[in-house]
Structure formats: structure tokens, C-alpha cells
Amino acid sequence: MDNRFATAFVIACVLSLISTIYMAASIGTDFWYEYRSPVQENSSDLNKSIWDEFISDEADEKTYNDALFRYNGTVGLWRRCITIPKNMHWYSPPERTESFDVVTKCVSFTLTEQFMEKFVDPGNHNSGIDLLRTYLWRCQFLLPFVSLGLMCFGALIGLCACICRSLYPTIATGILHLLAGLCTLGSVSCYVAGIELLHQKLELPDNVSGEFGWSFCLACVSAPLQFMASALFIWAAHTNRKEYTLMKAYRVA
């Protein structure tokens, strides 16, 4: 194996490993989107009511999004979190202090919730099903797992290529990484579109802002790394095979 191809193969493996770590981290963390809102009082019955509804199995899209808006919420692919006062006083309002302890509470999306239809008017089950938002939501959490699976399968093929001391099988690894990159890009695009459509339905309250979090950024960075790894794998395998064929033809001649 020529040193050029070996170097390209090693660089592609490093890029693949980094993108896999980034993708796994983005899937497993809860900071795809973050809301910033003023700190809420820790003494109102409204706080308790919102928290109880947030953790309820019957919480609909509008219910938990209202809590996310109000309590500095963060959303991942599998969990939603809010920041609430650590010590809630339901019996009487304590005196207002400059600051008080807060704690982050998270609730996981169930599989039923992941596949649940989205409605044209969030929270209103009689408003009809919003097919676009429904399928965007499903794609945004399925595609990252498909991407991760494709990269792992590509890594197995790359390992076999190392054992066989041949770069030719890495063409398949490159193609799988290309597909993984497309899945990651598709997931990111679906997430952005879904968030924009949601905010058109549920406008953010005053003094509340939202921004994409670092989990989302990891997924965004993972996609170009997958494309670069794919290009290096395919180039190394194809060029090495071409030079081997020319050398073999030269020897025969």
C-alpha cells in the first residue's frame, strides 16, 4: 500500500471517529434548542401547576412548550428539561430575594410521543393533523440513529479492509459515510424547519428568546466531517485500485 493512500486512510479514520463521537454526543444530550426567560418566582401556585402538567403523561405539545418557554427550557431528541426553583413553597410566598437555588428537571419523550401526530393548532386535537410537522419530527430523531448505524457498519467494513490489507473494500465504507452525512444533514434540516414551524404556531412570550444549543452544533459539525471522511475513503480506494491495475498491466506487457 502506497504511503499516500495509507495516510489518507488514517486521516479518514480519524475524521470518522470524531464525527461518530460528535453524533453520539448530540443524540445523548438535551441541548438541541434552548430558551432563555426571566427567572420565575418560586412561590406561586402557577409554577406547581405548570410543573405537574409538564411531567404528566397526558402533556400535549402546547402544555410542555409553555413550560419550556417559561422556565428556561432545553430540548433534545429524547428529553425536555426545565429549570425550576429548588425549594417550592406552596403554602405561602416567601420574601423575594435577589436569587434562589434552581434545579434542572427533565422528562423523557416516550416512543408514543415521538410518533404522535402534530396538530395544526398545537394542543387543539380538533384542528386537524399537521402532516409536515409530524414527519419532520419523526425524521429529526430517526435520521441521527440511521447515520450512527451507517458509520458503525462502515467501520466494520474498514476493519475488514485492514485485516485483508486491501483498500478496495473501503469504497463501501466511503459510500456508507456519504449516506450517513446525508442523514445527518437531513436531520439538522428537519430540526430547523420543525422549530421554525413550531414558533409560527406558538409565538415566544415577551422577554423570552430561543437559540440552537451545542448539541445541535455538534450534529452540524458531524455532517461535514462525515463527507470529508467519505471523500478520503473513496479517493484512496479508487486511486489505489487504479494504480494497481495499471501496474499489473505494465508487468504483463
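Each Cβ is built from the backbone N, Cα and C atoms, and glycine gets one as well.
These figures come from a predicted structure and were not determined experimentally.
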TODO: Look up Asn72, Asn207 in Swiss-Prot and give me whichever carries the note N-linked glycosylation site.
DONE: Asn72
Open item on the list: Tell me which residue from Asn42, Asn47 Swiss-Prot records as N-linked glycosylation site.
Closed with: Asn42
Task: Contact set, same chain, for the transmembrane segment (141-161): CB under 8 Å, 6 or more residues outside the stretch - done: 13, 16, 19-20, 23-24, 26-27, 77-78, 114, 167-170, 172-174, 176-177, 179-181, 183-184, 186-187, 190, 219, 222, 226, 233
Open item on the list: Applying a 10 Å Cβ distance cut-off over all chains shown, what neighbour count does Asn72 (N-linked glycosylation site) have?
Closed with: 20
